[in-house]
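Chemist: Once you've had a glance at the structure underneath, I'll fire off some questions.
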Amino acid sequence: MTLRAACWLTFGILSAAFLVAPLALVVAFSFGENPHATLPFGNPTLQWYRELFAGDDFLAALQNSAIVTSCVGLLSAVLGTAAAFGFTALDRKLSRLGAQLISLPVMLPPLVLALALATAFSATRIPLGLGTVIPSHLIFTQPFVILIIYARLTAFDRSLIDSARDLGASSLQIFFTITLPLIAPSLIGATLLSMAISLDDFVITFFTIGGGMTLPTLIWGMLRTHLDPTINALGTLVLVLTLGLSVIAFKLTRYKG
Amino acid sequence: MSSVRSRDVAAVAPSFLVWTGFFFAPILYLFVVSFWSVRQYKLVTDASFDNYLLAAGEYRHAIVFTLALAALVGVVTTVFAFAMAYMIRFYAGRFGNVLLFIALTTLFGGYLVKIYAWKGLLGSTGIINQALLAAGLISEPISWLLYSPFAVVITLVHFLLPYALLPINAALRGVDDAPIEAARDLGAPPSRILIDVILPQCERGILTAFALAFFVSAGDYVTPQLVGGTDTFMIGNFIQSQFVNRMNAPVGAALAFATLLMTLLVVALLSLLYRRILKACAT
Amino acid sequence: MLSASEHTPLLRLTGISKSFGTQVALHPLDLSVARGDFVALLGPSGCGKTTLLRVIGGFLRSDQGRVEINGADVTDLGPEQRPTNMVFQGYGLFPHMTVRENVAYGLKIARVPAEKRNQAVGEILEMMHISGLSDRLPRALSGGQQQRVALARALVMKPSVLLLDEPLAALDLQLRKSMQIELRNLHREIGGTFICVTHDQGEAIGLANRVAVMNAGRIVQEGTPEDIYQRPSNAFVAGFVGESNILSLTRQSGSCRLADNIIPSSGPDGTVAMMIRPDDISLVEVKPAAEISLYGQLTDAVFMGDHVKLIVAAETGDTLTVHRSRQEWQSDPLESGKRVFASWSRDACHILEQS
């Protein structure tokens, strides 16, 4: 190995550490007796998790997060898949414009989106709650599903559809025996990704949920009031859930960057 | 054919209904509100540029400071991400996949966790100060690590690095080996190959990465609020407080749109200048 | 006694035309295919051969014209309703199904009872020599094996017409040669009617008993491979099928002049082309009396493996390509630069009307 290559490799390892270390520390602290974010970690313990799970706030937030995440995942999957099929069939220019428009919410700073939604909800006197959080998440999760499924469909081998028709299958039979099984990994992956994004969202949720709490807003609450050591356990839980969903999603969609 | 078309339109319709109802209409409404005013905690329909004048006057420093800090985050993130992508493309081999995997998995998770992790790392009793003290490099904790612009920059860079890495990596992967080898064959040193061959072909990826990092930083308020301290008030904090504390949506909206406009201008300017900057570097 | 259906062609196309926007893919054309024929649609890319195949299969609706199979009008039927089956260019195997599931798919759709289905699938797998692969997924198969699966999947449906879209294009040279022989044998064995699209003239001639040469959306000649090769009806066919020398001549009152040769040819006055196959030309030092000959200089000799390709620059300004067998060349080589007569018999030249 040349000196140059060795330098670059060192840089690579350091940048990997930069990306991972902060998160790894949170996980490590969540299992250590030391209640402060300082070294040493202290003896291994599950004390913080026990305290976390004993709290009513946590259970309520967990429940809300579960509801929001699963609804957003399901709705994103259905709406996004339908839209992706539509885009594939529509005129190229039209579908490109459509995809760009529908992706706009992802480009905008979440704060602007959150305030627009909160202002609009208050003007229309729509009561805030999970019912407002779910569609608000949908607008920035559905673009991911649409883009992933659209990419899968445009890469879809047309001759498979032709083959199935040639062998006598109807449109509906083709959808269920050929198309759906083949896009299933992408579809599940896209759904899990939209769930990860929804589960992790703080800003939009904070402004559209009204009184309730989800896991991220609970973290926020803990950060604002006092340094509660259970926060590391909660943070670890959110990390495991969101990163876990992401990992499975990227494995399924075979996206490697 | 018309029946097919209507079926396809129907397939796209639900998504667009949600988009219209929960994105387009609220944003449009917020834009309209930015010309209104507030009297006794009630919105008053108005049509004045007062809010924007306020943005250009009283809040000018905040906006400029925010843009400068966001630009700094954008540049640092982009350069960092480019170096990583360069390393992945030319030196890493299989380790490159590991790096990409890390970036991908941490992309969509743990926004708040990442911010407070840095809070723990950078504090005066945090691990970094602990380590530096233990190593004898410093005799007392460095106080400016946390609650400072520095803390905001490092936290945002950490958060945005995966976002910037992906488009740049995609762009670098699209650069053929042949022109690079041809340049080497013609005697160009690595720095010239970078400027003459690689960077011009990565324009889109690099600009996308910068724009992403820049936009998100300029609009973020959680990071400055948690790790920025009292000196690092970014425009997001003002916007947020106009809405939440002062109940003045019109001023907040005007600040948001004014900042949005400025960020768009900066990115547009940069994309116009990209080639020229490269050319200037080349001579 | 022959029944009526054996007199009518199995497949009859009348006045088929197709345009994509302003691009004309097929000019109105007719084609009849008899039962048991192996027809090759031969032509360069973009000539409309694949469009024609897709019209026959029902994947494309022609703008005008009729498609009849077994005397029944199928013009308005989709591929799922036609008694045709297709082997697709990339094979179109369902990647999530095993070989057996792929082959059984059509029968399953047609609700053939499991027992009958399994028997039919087993038989066709046996016939295609892929019984041992029945539980594999397509991606675990070689190109040649995938080809067999695609054939089995189509043939198990017992189609009236089997359509093959560039069936050998994805295979490497060795495999292509052996698959070509196998396809011929298969056709003979099951006695079906095959229509195959190809851009490779060697493949068309080697596979089919009838060849339809296509160019720019028209069928420019149709006939047996021998017809096409030995009696091309125009310059395009002559140039596309096999190697040929094409000389431009002027015809005046029933004869053409080429240097000091006079070749009788009936037809209107004007420019015509004369085609001579390279293996019909011999190079001699003495001008032969009875033959047509051009004086010229040997400029190059290229060793091609089984034959040697000689280039002769004729005094008329024409360049002639001449083939000699390897043995012939080795026993009597000529030096480059040598002046020779290139000569050929009157039977060997074909006068082609300019189209």
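Cβ coordinates come from backbone N, Cα and C, glycine included.
Whatever TrEMBL says is automated annotation, not expert-curated.
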Chemist: According to TrEMBL, which listed range is transmembrane segment: A:6-29, A:174-197?
Modeler: A:174-197
Chemist: Take the C-beta pairs under 8 A between the transmembrane segment (A:203-223) and each of A:66-90, A:102-121, A:133-153, A:174-197, A:230-250. Which stretch has the highest count?
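Modeler: Answer is A:102-121, with the largest number of Cβ pairs below 8 Å.
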Chemist: Which residues, given as numbers and ranges, are at least 6 beyond the ends of the transmembrane segment (A:174-197) yet have a Cβ under 8 Å from it?
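Modeler: For the transmembrane segment (A:174-197), the list is 69-70, 72-74, 76-77, 80-81, 137, 140-142, 144-145, 148-149, 151-153, 156, 160-161, 164-165, 241-243, 245-246, 248-255.
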Chemist: Which residues of the chain, 6 or more past the ends of the transmembrane segment (A:66-90), have a CB below 8 A from one of its CBs?
Modeler: 98-99, 102, 130, 133-134, 137-138, 141-146, 149-150, 153-154, 187, 190-192, 194-195, 198-199, 205, 214
Chemist: Residues of the same chain, at least six outside the transmembrane segment (A:102-121), with any C-beta under 8 angstroms of its C-beta?
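Modeler: For the transmembrane segment (A:102-121), the sequence-distant neighbours (Cβ-Cβ under 8 Å, at least 6 residues beyond its ends) are 83, 128, 132, 136, 139-140, 142-144, 146-147, 201, 203-204, 206-208.
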